[in-house]
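As annotated by TrEMBL, Cu cation binding site applies to His61, Cys110, His113, Met118. Sequence annotations record features per position, and here TrEMBL assigns compositional bias 'Gly residues' to 137-155. The feature domain 'DUF2231' is assigned by TrEMBL to 171-298. Per TrEMBL, the feature transmembrane segment maps to 176-195, 207-231, 243-261, 273-297.
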Amino acid sequence: MPRRPILSAAATLVAAWATTAAAQGPAATVEMTGENTFEPRGVVIEAGQSVRWTNPSSVVHTVTADPDEADDPGNVSLPEGAEPFDSGDVEPGGSYSRTFDVPGTYQYVCLPHESIGMIGTVEVTDPGAGEASEGSSGSGPSGPDPGSGSGSGGTGSKGFAANLVTWLGKLHPPSVSFPIALVLSALLAEVLWSATGRPLFDHSARFCVWVGAIGAVVSVTLGWCFAGLAWSDGDRVMTTHRWVGTSAGLLAPVVLVLAEASRRPGGRSIRPWYLGLLVVAAVLVGLNGHFGGLMAYGEDYYAWPGSG
């Protein structure tokens, strides 16, 4: 049999396979970022096409369009006739794909990070109505707008000041570790100084209180930039985290003032107040670190394996 017809037929088969594979691939890909955002936030596809969500971050995310699962059912919307869906936990490095057959706007959330504005949309058009594209869908999410300084998303089209606040808010997660560690270390150093009388521990406690108090104020300020100005977040964990952290940030400078006053001549009577409030501050920062972890990794993160 001549070789040329065989090669031609093989090339035709390969081309057909590649075309079919491409058609079956996702029409859009959305990243679930370590900054707790969907990127892009909105995508547009045609009915019958699929979207793939990838998680390159180090935290667990979900893709959830189920009003019964969302903290605020208003953050989720589905076209008439469409079934709710929930990806379950998408672990770091994992992915989730879904094909959309019913035209309309799907608004979905990440359950662990819904309260800080991790909301996205999929706009599904009728076949032939337009090419699939990534970008802002016609109907934006009703949750916190990342560009407004509320939540942790992109800069949007706001002015420089709003964009600066949003960008500064992104520094909140890495900033919280320092005041937590330093306030707890200050308490430990005070205990060791009381037990041993060694000046090294006194100096260590003083240093930790100074840097920890400054760090707490900075971290709380960045936290308000990160989550936006609100008395309540519609989520008990987020609201608790906000106000426990704010309380710790307000208490830390008071502890610093008392720490310095207790070391001055005649300040011996102030020391019990200083130590008492230092204990309270240590409890607050430790507890708030726990609530922050619940928001980042989910409320069942510390559940015993197999107990869920």
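For all residues, glycine too, the Cβ spot is worked out from N, Cα and C.
Whatever TrEMBL says is automated annotation, not expert-curated.
Counting other Cβ atoms within 10 Å of each Cβ, the lowest count among the binding-site residues Cys110, Met118 belongs to Cys110. Around His113 (Cu cation binding site), taking its Cβ as the centre, 26 other Cβ atoms fall within 10 Å, counting all chains.
Taking the centre of the Cβ atoms of His61, Cys110, His113, Met118 as the Cu cation site, the nearby residues of that chain (Cβ within 8 Å, site residues left out) are Met32, Asn36, Thr37, Phe38, Thr62, Val109, Leu111, Pro112, Glu114.
If you count C-beta pairs under 8 angstroms between the transmembrane segment (273-297) and each of 176-195, 207-231, 243-261, the highest count goes to 243-261. Helix, strand and coil residue tallies for the domain 'DUF2231' (171-298), in that order: 110 helix, 0 strand, 18 coil [DSSP].
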